[in-house]
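Data first, discussion second: the structure below is written as C-alpha cells.
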Amino acid sequence: MLKSATRTFTRTLPRTFTRTVTGAIRRLVERHLPDSLIIALLLSLAVIIAAVAVERQSPLAVLDMWGNGAFSLLALSMQVLLMVLAGIALAGAAPLNRGWSRLAGVAHTPGRALVLVSLVALAASLLHWGLGLVAGALCARALARHVPVDYRLLVASAYSGVVVWHGGLSGRIPHIIAGQSHPFADRIGTLGLDDTLFTTFNLGIVASLCVALPLFNRLLSSGGAADATNTPPPDNAAQTPRGPRFSRPVERLEHSRWLSRLVAGLGLAFVLYDALWLRKGLTLDTLNLALFAAALLLHRTPQRLYACLRAGIENTASLILQFPLYAGIMAVMAQSGLALSLTEALIAPATAASLSFWVFISAGALNLLVPFGGEQWLMQAPAVIPTAEALGVGIPRAAMAVAWGDAWSNLIQPFWLLPMLAITGLKARDILGIGLLQLLVSGALISAGLLWL
C-alpha cells in the first residue's frame, strides 16, 4: 500500500509542479504583457533615449538615424506579408484541411498532438525559417479542431520550432560568411558551411533541441480540453455552388479552374527551375511563390482565393505597422554605436573557454531589439571577431554563437511571432508565457553545446 502511494506521488508530483509553475507564469504574462505593437513603440523610445544618454549622440542626429532607417526594410516587409497571406490562404483551403484531419487521427491525444506539431515546426524550420512559421501554424490550427488540447500551448509548441532556424539550411549568418565578398572577408576569409552548419557542435545542438523540445512541450500539457474561447478561428474557405450561373462573361474567368492551374503551374515550374536546376536553394521569394501556387491550386478558382484572403487580411495589420518601427530601432542601434557597446559589455567577462557562451547571451539580448540575424552579425562582428582572435577561439564557433543567440531569444521576441499569430488568430500574450519556459530549456541545451561539444 505504501509502495503504491509512493509511486503515485512520485508520478504526479512533477506533473502537478509543472502545471502550477506553467499556469502562474502564463497568468502573469497574460495579465501584464502589453500588445506587441505597444512593445515596439516602447522599445523605439527606449533606444532613442539610450542613444542620446549613453552614446552622447545629439537628439537631432538620433532622430535622423531613426527616421531615415524606418523604411529600410520595405522589401523584407513585403516578403513576410506575402508569406503570411499565403499561410492564411492555405489555412482556408478545404483539400489541405482534409489532409490535416487525417493526420489528426494519428495524434488523437493532447500529448501526441503537441509532439507532432513540434516536430513538424522543427523539421520545416531547418529547411527554411519561413516554412517553419507557416507549416507550424497550419498544423497547430488544424490539429486544434480535432484534438482536445489547449490551443495556445499548441501554437506555442509550433512556434518553438523557430529556435533551430539559424542552425539550419536557411541560417543567415553562415551564408553571409560563406560568401567571398562579405564585409569581413579581408580579416577572416571565407568560411564554408562545413565550418559552421555541418560541424559536430552545431549538429549536436540541433539534435538535442529536436528531441528535448517536443518532450518538454508535451510535459507542459494539462491534458484538458480547450474551451470555447481557446479555439482556432473559422476557416475562410469560399464555396462556389455546383453549376453556377454567371450574369457576366468575365465571371467565368473569376471562377475559372484552368486559369488558376495554368498560373500555379508556371509558378511551381519556376520554383523547381530556380531552386534545383540553378541550385539557388529555397529563398524567401521562391518559398512565397510556391505557397501561393499551392494556394491557387487548392482553392481551385481565383475568386475563392480572393474571398479567403479578404476575410483574413485584417490579421496582418500589426505586422505591417511594426516593420518600420523595428527598422528604425535597428538603424539607431547600428549607427549610434549602441549595439557595439552592448556587445562589448556583455562579452567583457569572457575567457577562451566561455567566449561562446557570452557571445550567445549578447546575441540573444541584442535580438530583442534587432530581430534580424544578418544585420545583427554586422553589428556584433566588430566586437566578436577581435575578441575571438585575442582569446584563440575559432571564428566559426563565435559566429554560430551569434546565430544561436539570435534564434534563441526569438522565443520571447514578439516580432517573428506575428506571422504565426496572423494565421492562428491569437495574441502575443497567449504564447510568450510558454515561450519563456521554452527559452530556459533551449538556452541550457544551446549553452552546453557551445561550451562542451
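Count begins at 1; order follows the chain as displayed.
Cβ coordinates come from backbone N, Cα and C, glycine included.
Just so you know, TrEMBL annotations are computer predictions that nobody has curated.
Per TrEMBL, the features are:
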TRANSMEM  36-54  transmembrane segment
TRANSMEM  66-93  transmembrane segment
TRANSMEM  113-139  transmembrane segment
TRANSMEM  197-216  transmembrane segment
REGION    226-247  region 'Disordered'
TRANSMEM  258-276  transmembrane segment
TRANSMEM  282-298  transmembrane segment
TRANSMEM  319-340  transmembrane segment
TRANSMEM  346-370  transmembrane segment
TRANSMEM  431-452  transmembrane segment
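Of the Cβ pairs linking the transmembrane segment (282-298) with the transmembrane segment (346-370) and spaced 6 or more residues apart, fewer than 3 are under 8 Å, so the two regions do not touch. Of the Cβ pairs linking the transmembrane segment (319-340) with the transmembrane segment (431-452) and spaced 6 or more residues apart, fewer than 3 are under 8 Å, so the two regions do not touch.
With a threshold of 8 Å between CB atoms, the same-chain residues lying at least 6 positions outside the transmembrane segment (66-93) that come near it are 44, 48, 130, 133-134, 137-138, 141, 235-238, 284-285, 287-288, 291-292, 294-295, 298-299, 305, 308-309, 311-313, 315-316, 319-320, 323-332, 335, 372, 418-419, 422-423.
Between the transmembrane segment (346-370) and the transmembrane segment (197-216), fewer than three CB pairs separated by 6 or more residues in sequence fall under 8 Å, so the two stretches do not touch. Between the transmembrane segment (113-139) and the stretches 36-54, 197-216, 431-452, the greatest number of Cβ pairs separated by less than 8 Å involves 197-216.
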